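Chemist: After the structure tokens below, expect a handful of questions from me.
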Amino acid sequence: MGVANDSSPEYQWMSPHRLSDTVILGDCLYFNNIMSQLDLHQNWAPSVRLLNYFKNFNRETLLKIEENDYINSSFFQQKDKRFYPINDDFYHISTGGYGIVFKIDNYVVKFVFEATKLYSPMETTAEFTVPKFLYNNLKGDEKKLIVCALAMGLNYKLTFLHTLYKRVLNMLLLLIQTMDGQELSLRYSSKVFLKAFNERKDSIKFVKLLSHFYPAVINSNINVINYFNRMFHFFEHEKRTNYEYERGNIIIFPLALYSADKVDTELAIKLGFKSLVQYIKFIFLQMALLYIKIYELPRCDNFLHADLKPDNILLFDSNEPIIIHLKDKKFVFNERIKSALNDFDFSQVAGIINKKIKNNFKVEHNWYYDFHFFVHTLLKTYPEIEKDIEFSTALEEFIMCTKTDCDKYRLKVSILHPISFLEKFIMRDIFSDWINGRN
């Protein structure tokens, strides 16, 4: 029997580097460099000592801090023009149902808590193994349309993230109570806290207070103030009431320019497109070509991403033309950016079986499931599409569904259109800007 490599489906079961009960997939140098900047064992004094610490402050002492000239601009929200990452810290950029994401330097670091009772560590590697497998098997420029993780660490102890979150939450609670002259308490109402935090988070006075208290109380190079309300919703969600935030995976990605959903008309034109709709055609066409090329691979006509939507498509610089051949046509992309599919956590391909997707789907699906969902989310994200009658009418061919066979944009029934449906679709004049290098 031959040795499996990362071009084979069996790659997901290999354990190239073992550290105790943990495993590293990919480049150890990248992984160890990032890990060397994390303190996974940091802990803090009991919360009661934090409460006693804040008893030393009142509205008058906080006012003196607010009058100070010092301000750490990294404590503004990242969407604020005043935000600036003045330290080489981990900056929280997103928290979703399946991961907490940080940015550091030119990398993105994603922490994923895994329900170890449901899956073994090696059964949670799809986000690394599927894109790597596809990248190594695709032969043309279409491989550039995939985001591959640089490294992935399995079965790491991640309790520090939840502990850090609780420490920051307690700090914010006590700080806001002190600002309002209230009795100090670590009890809170989610609704009341979020309202108070959201009212203050953009205030320069509040940021000055954070500039003082975050280093003193938290003393960590992990900054979770940005989008803290998303982290709050994650950890405080009722479905995680009894969740054990014990172990999970750490995944390192290259840093993108934007996610596709962040592009508006102004940015689309800045990126070189004639209009926002032309930009949308661009990302649709590149994703369609990627799928078609994947389905051409042996045993890969079962590929599913299972979450194809604009915010799972990332934009990167493109320094040379991307040329993809399909039958007698040649699709040429001279744009300064490229789109790349990301977040393969629920994906499957060839012999790489993903138990997460297997448990979620009751009927058989193929590429059409993904594009049905993709078109729904495109139309929701970009109502401007309706202004282009030809394009919007064509897209409706993907969503001829009813409430009985579609729930929250996802197909509940099995519709297995052949990939030739998608091939014929992208040959239309809608995409003439890119066919045979016309652009």
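Placed from the backbone N, Cα and C atoms, the Cβ positions cover glycine too.
Note that the coordinates shown come from a computational prediction; the quantities given were computed from them, not determined experimentally.
For 87-439, the entry in Swiss-Prot reads domain 'Protein kinase'. Look at Swiss-Prot and you will find Ile93, Ser94, Thr95, Gly96, Gly97, Tyr98, Gly99, Ile100, Val101, Lys117 tagged as ATP binding site, backed by sequence analysis. Residues or ranges marked as active site, proton acceptor by Swiss-Prot on the basis of sequence analysis: Asp307.
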Chemist: Return the single residue from the binding-site residues list (Ile93, Val101) that has the minimum number of other CB atoms within 10 Å.
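Modeler: If we count Cβ atoms within 10 Å for the binding-site residues Ile93, Val101, the smallest count is at Ile93.
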Chemist: Going by DSSP, is Asp307 (active site, proton acceptor) sitting in a helix, a strand, or coil?
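Modeler: Where Asp307 (active site, proton acceptor) sits, the three-state DSSP reduction gives coil.
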Chemist: Among all protein chains shown, how many Cβ atoms are found within 10 Å of the Cβ of Gly99 (ATP binding site), not counting that one?
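Modeler: Taking every protein chain into account, the count is 19.
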Chemist: If you average per-residue pLDDT over the domain 'Protein kinase' (87-439), what number do you get?
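Modeler: Taking every residue in the domain 'Protein kinase' (87-439) and averaging pLDDT yields 94.
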Chemist: Considering the recorded positions Gly97, Asp307, which residue's Cβ sits among the greatest number of other Cβ atoms within 10 Å?
Modeler: Asp307
Chemist: Between the Cα atoms of Gly97 (ATP binding site) and the residue listed as 'active site, proton acceptor', what distance do you get, rounded to the nearest Å?
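Modeler: Cα-Cα, rounded: 13 Å.
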Chemist: For the C-alpha pair, I'd like the distance in angstrom between Val101 (ATP binding site) and Asp307 (active site, proton acceptor), rounded off.
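Modeler: Here the two Cα atoms lie 17 Å apart.
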Chemist: Looking only at Cβ atoms, how many others are within 10 Å of the one on Thr95 (ATP binding site)?
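Modeler: So the number of other Cβ atoms within 10 Å of Thr95 (ATP binding site) is 22.
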Chemist: What is the separation, in Å, between the Cα atoms of Thr95 (ATP binding site) and Asp307 (active site, proton acceptor)?
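Modeler: Cα-Cα, rounded: 16 Å.
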